[in-house]
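Listed features, source TrEMBL:
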type	residues	note
DOMAIN	4-266	domain 'Pyruvate carboxyltransferase'
BINDING	ASP13, HIS201, HIS203, ASN237	Mn(2+) binding site
REGION	389-505	region 'Regulatory domain'
Amino acid sequence: MRKIQFFDTSLRDGEQTPGVNFNTREKVQLALQLEKWGVDVIEAGFPIASEGDFEAVEAIAKAVTKMTVAGLARCQKKDIDRAYEALKQAVDPQIHVFLATSAVHREFKLHMTKEEVLASINTHVRYAREKFAKVQFSPEDATRTDKDFLLAAVQTAIDAGATIINVPDTVGYSNPTEYGELFAYLISHITSDEKITFSSHCHDDLGMATANALAAIENGADRVEGTINGIGERAGNTALEEVALALHIRKDFYQSDTSIKLDETKRTSDLIARLSGIAVPKNKAIVGGNAYAHESGIHQDGVLKNPETYEIITPQLVGIKTNSLPLGKLSGRHAFIDKMTQLGYQFEQNESDALFKRFKELADKKKQVTEQDLLALVADQGRGSDGYELDAVQLQYVSNGHQGAVVSIKKEQETFVASAIGSGSIQAIYNSIDQIFDQQPTLLNYEITALTSGEDAQAEVHVLIECSDSHEKISGIGLDFDVLQASAKAYVQASAALKNRGVLV
Ligand code: KIV
Ligand code: ZN
């Protein structure tokens with residue numbers, strides 16, 4: 001069986017989703033979960049892009065022990081140097097150098113001739129190979145590049161020392177037949193003394209990203225790039241969980257193996273959804289809430305008689321557990337730590353104290369604390385609000401349908417209090433928080449979901465706000481037993497991140 005390598009770019013291409021900003025702590029948390037899921041290579045970021053990106057790539061390089069850690073670089077020496085600095089402590093570092101090759105990119109974006117593009121690839125891939133044993137080259141917008149020139153660009157990169165060639169369908173323009181043929185063409189026409197790994201990188205503008213990636217695999221690609229839940233620029237990237245399951249369920253057809261631990265799939269997807277603030281649509285393949293629900297009577301009847309009638313994937317295969325033992329208010333520290341260990345977490349004493357305290361508060365209000373609740377608590381604790389903490393919210397009916405809110409927020413020893421009115425409770429709370437942060441962002445999105453079923457479910461609120469000056473979009477998540485508290489927490493988190501960015505700019 002062939003082995004297909006998984007290259008996850010959720011933290012780089014995925015972070016290019018509007019409104020998605022992972023902080024370093026979250027990125028490390030995600031990287032460790034991706035490692036558990038079995039990813040071969042993680043693209044940790046674009047080190048030259050910002051101090052934050054550099055810091056995150058360096059932190060992931062230090063934290064990860066099994067995966068190859070990659071950093072992105074343009075064809076510029078300063079980018080390659082920065083990537084080298086960020087990755088030098090990685091167990092297995094890799095650089096990912098890219099340069100656009102299509103006519104539209106060359107003429108309008110780069111203002112470079114074909115000869116200049118080839119010369120730049122030669123210089124920079126050669127320079128990268130002096131510093132890295134593993135060099136990946138991507139001809140950006142490959143699928144809209146003239147085939148002969150694409151081959152020349154790829155051959156130049158190979159001659160200069162690249163051993164991994166990634167073929168990006170940057171704007172999601174290709175289709176499975178064409179994309180597959182492109183791999184067959186490149187693979188049969190390149191020459192090299194070293195083994196060259198071909199990799200697919202697809203965007204989902206026409207809804208073909210997963211199909212295109214699978215077509216590349218059928219035609220010789222040994223590596224697939226993508227993101228969890230398909231997050232990314234515009235319509236997003238290939239959803240890696242879809243490729244993993246397609247390769248597994250249709251092993252008869254693809255004849256391929258991967259290192260993916262399928263039963264960590266749902267947990268990985270949940271963590272990305274939570275920290276990115278991009279909820280998974282109910283009908284999303286593999287990880288959507290309805291992916292294993294059978295509604296029609298005929299289907300239910302069939303599944304009861306034999307699940308195989310309508311179910312090609314079992315929820316258990318992707319890690320959806322229906323019979324796990326929940327904790328309750330009588331559960332002690334030992335049971336709590338035990339459960340966390342089963343879930344794969346180990347904490348420092350102070351972290352476990354803080355989580356145990358939150359678990360107890362929750363267990364006092366909720367009959368059964370499920371795995372979903374615990375995972376949400378861990379993610380919430382990890383995300384933080386840059387030191388700001390919601391202290392109290394008080395609401396009062398004013399008149400003419402208006403609500404008044406008083407909000408108090410703490411940061412270290414300081415307490416900030418403000419009050420405002422609004423035409424509803426949430427608006428009054430958000431107006432008060434705006435006063436505290438001296439901001440007037442636009443609320444682009446507000447979503448609320450119940451974490452589990454039942455009347456005593458915790459509420460998870462996702463908000464997306466846009467800065468009035470920079471138009472930067474920032475997301476926030478709030479988790480609480482009380483809907484209004486959860487709403488306030490989500491808004492405080494996004495506001496704190498916005499304030500923090502303002503200071504950095
Ligand atoms: O889509 C794309 O072309 C990219 C490159 C940087 C590989 O993300
Ligand atoms: Zn991309």
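Note that Cβ sites are derived from N, Cα and C of the backbone, with glycine treated the same way.
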Mean of pLDDT values spanning the region 'Regulatory domain' (389-505): 89
Where ASP13 (Mn(2+) binding site) sits in the secondary structure, as DSSP reduces it to three classes: coil
Spatial neighbours, same chain, of HIS203 (Mn(2+) binding site) - Cβ under 8 Å, 6+ residues apart: PRO168, ASP169, THR170, VAL171, GLY172, ALA209, GLY232, GLU233, ARG234, ALA235, GLY236, ASN237
DSSP-assigned states of the region 'Regulatory domain' (389-505) in counts, ordered helix, strand, coil: 35 helix, 52 strand, 30 coil
Binding-site residues listed as ASP13, HIS201, ASN237, least Cβ neighbours within 10 Å: ASP13
For the Mn(2+) site built from ASP13, HIS201, HIS203, ASN237, further residues of that chain with CB within 8 A of the site's CB center: THR9, PRO168, ASP169, THR170, CYS202, ALA209, GLU225, GLY226, THR227, GLY232, GLU233, GLY236, THR238
